[in-house]
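Per TrEMBL, the feature substrate binding site maps to ARG125, 148-151, 214-216, GLN220, 267-270, ARG450, 461-462. Feature annotation from TrEMBL assigns ATP binding site to GLU144, LYS305, 364-373, TYR375, 398-401, GLU425, LYS452, ASP458. Summarising the annotation, TrEMBL assigns Mg(2+) binding site to GLU144, ASN146, GLU368. Look at TrEMBL and you will find 204-302 tagged as domain 'Glutathione synthase substrate-binding'.
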Amino acid sequence: MAAAWQDVVRDAVAVREAAAVAVDAALLAGVLMRTGEQPNASDVVNYAPFTLLPSAVPRALFEQAYAVQQDFNLLVDAVSQNKEFLEQTLASTIKVDDFTARLFRIYTQVLEEGLAQTVVLGINRSDYMFDCGLDGTAALRQIEINTIAASFGGLTSRTTDVHRLVLKVLGKSEEASQLLPNNPAKGLALGIAKAWELYGSQRAVVMFLVEEVQRNIFDQRCVENELWNRNIRVVRKRFQDVFEQGSLDASRRLYMDGQEVAVVYYREGYMPQIYNEQNWEARLLLERSRAVKCPDIATQLAGTKKVQQELSRPGTLEKLLPGHPEAIARIRATFAGLYSLDEGEEGDRIAATAIADPDRFVLKPQREGGGNNLYGEELREVLEKIKDSPERTSYILMDKIKPQPALNYLLRAHSPLQASKCISELGIFGVYVRQGQELVLNQAPGHLLRTKAIEHADGGVAAGVAVLDTPYLV
């Protein structure tokens with residue numbers, strides 16, 4: 001934590017008073033989630049978990065993360081358009097990972113049929129940690145890039161005001177004034193609105209494709225309300241609704257219950273367990289349609305861990321982004337060590353290294369949503385079991401990032417107020433819109449800081465591990 005907070009972090013009375021103010025401010029500002037007991041009802045809600053104090057973030061690394069986001073937007077878009085690269089990169093994975101294989105089958109089927117969609121909308125979030133070197137200097141290291149259902153752009157838009165008030169209550173008005181404004185929800189809505197406009201039908205709606213269990217509805221409503229403010233109609237539907245009500249006309253326009261759909265914004269669809277045969281059929285129907293999918297299936301595949309690992313190989317970025325040497329240098333500067341577990345000598349060697357020294361690495365499957373990665377003894381056990389099996393190719397290995405912990409208080413409903421040693425993860429939102437081959441929008445509209453106690457290896461806010469935070473630049 002920044003030296004600015006050292007005087008208050010151990011003052012129990014001041015902390016207790018500030019926490020009471022903070023919780024009320026969060027409820028007042030709409031930093032809300034539905035409860036675990038009633039995840040589909042807004043009759044009883046509670047505040048989304050957040051830190052009492054904003055966390056110190058090195059200004060130079062924060063600015064570096066923003067500076068590279070438009071480059072990552074370009075890269076994701078380039079990968080999604082490169083069939084040969086996706087085929088080669090995912091060839092080993094789709095043999096052993098059924099979920100990626102099903103996505104890939106839809107991808108090839110839609111390509112063979114010919115894409116009806118002419119406008120592409122990408123909303124992603126590139127996540128980083130601050131790796132502390134032996135000499136104490138910190139470096140920005142990318143953890144992953146989320147190309148589907150990148151969440152908390154809404155709630156984080158409202159968290160800064162809460163932290164600003166807390167700092168004032170603690171006598172830190174000067175520091176409160178230094179917290180940066182942040183409204184990713186507005187930028188995400190701008191991208192959706194641009195795609196809707198380019199689709200070219202005033203009557204058409206934007207469809208949020210949502211989960212069966214919708215605890216995080218207020219985060220989505222922040223984006224949704226920005227669209228209503230622009231007089232763009234929004235409907236919320238599940239995969240089951242698409243299966244039962246969805247249809248395509250002769251020119252592959254998508255209709256839901258008789259309403260034409262211009263944009264499908266996925267807040268669901270990244271977890272294998274939600275797909276039954278009906279949901280796979282619904283996904284295929286959406287992909288075949290002319291509606292702008294965010295993401296389309298090629299962009300979802302571009303966000304897989306296997307693609308992330310392949311991008312770190314020497315020469316790969318040069319092939320995907322020819323003529324962009326500065327962008328390539330900025331992107332490469334954020335990479336952590338990434339290693340393939342494909343069958344062969346290279347994979348054998350790295351598997352053996354990780355089994356011998358598991359604390360150096362993280363084992364990552366091709367999954368989104370938090371809580372999937374393996375560390376330490378668990379990593380060793382899994383690798384021992386699969387080291388001689390093709391199944392290992394469904395994972396990648398990454399160097400473990402070692403951030404510097406700091407003291408903070410994590411405010412959670414029904415939890416005691418106590419100081420925890422914490423580490424933070426910074427996400428930068430990216431939004432781009434392409435019509436044909438012309439990029440008409442490319443922005444980094446905001447950021448998300450999430451913080452967790454050091455005893456938790458993996459997991460985000462929705463997974464119940466991390467909490468919302470605000471960066472205090474130092």
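Glycine is no exception: its Cβ is also placed from the backbone N, Cα and C atoms.
Positions of TrEMBL features highlighted on the structure.
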residue : record                 : Cβ within 10 Å
GLU144  : ATP binding site       : 19
ALA149  : substrate binding site : 25
SER151  : substrate binding site : 20
ARG215  : substrate binding site : 18
GLN220  : substrate binding site : 23
GLU268  : substrate binding site : 19
PRO365  : ATP binding site       : 18
GLU368  : ATP binding site       : 19
LYS452  : ATP binding site       : 24
VAL461  : substrate binding site : 25
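Inclusion criterion for the binding-site residues SER151, ARG215, GLN220, TYR270, VAL461: a C-alpha placed within 10 angstroms of the C-alpha of GLU368 (ATP binding site); this criterion is met by TYR270. The Cβ of TYR270 (substrate binding site) has 20 neighbouring Cβ atoms from other residues within 10 Å, across all protein chains displayed. Note on the binding-site residues ARG125, LYS400: the fewest other CB atoms within 10 A surround the CB of LYS400.
Proximity note: of the listed binding-site residues (GLU144, ASN146, TYR375, LYS400, LYS452), GLU144, ASN146 have a CA within 10 Å of the CA of ARG125 (substrate binding site), given in sequence order. Residue counts for the domain 'Glutathione synthase substrate-binding' (204-302) by DSSP state, with H, G and I taken as helix and E and B as strand, are 41 helix, 26 strand, 32 coil. Per-residue confidence over the domain 'Glutathione synthase substrate-binding' (204-302) averages 97 (mean pLDDT, predicted model).
A distance of 24 Å separates the Cα atom of GLU268 (substrate binding site) from that of LYS452 (ATP binding site). If you draw a 10 Å sphere around the CB of TYR375 (ATP binding site), it holds 15 other CB atoms from the protein chains shown.
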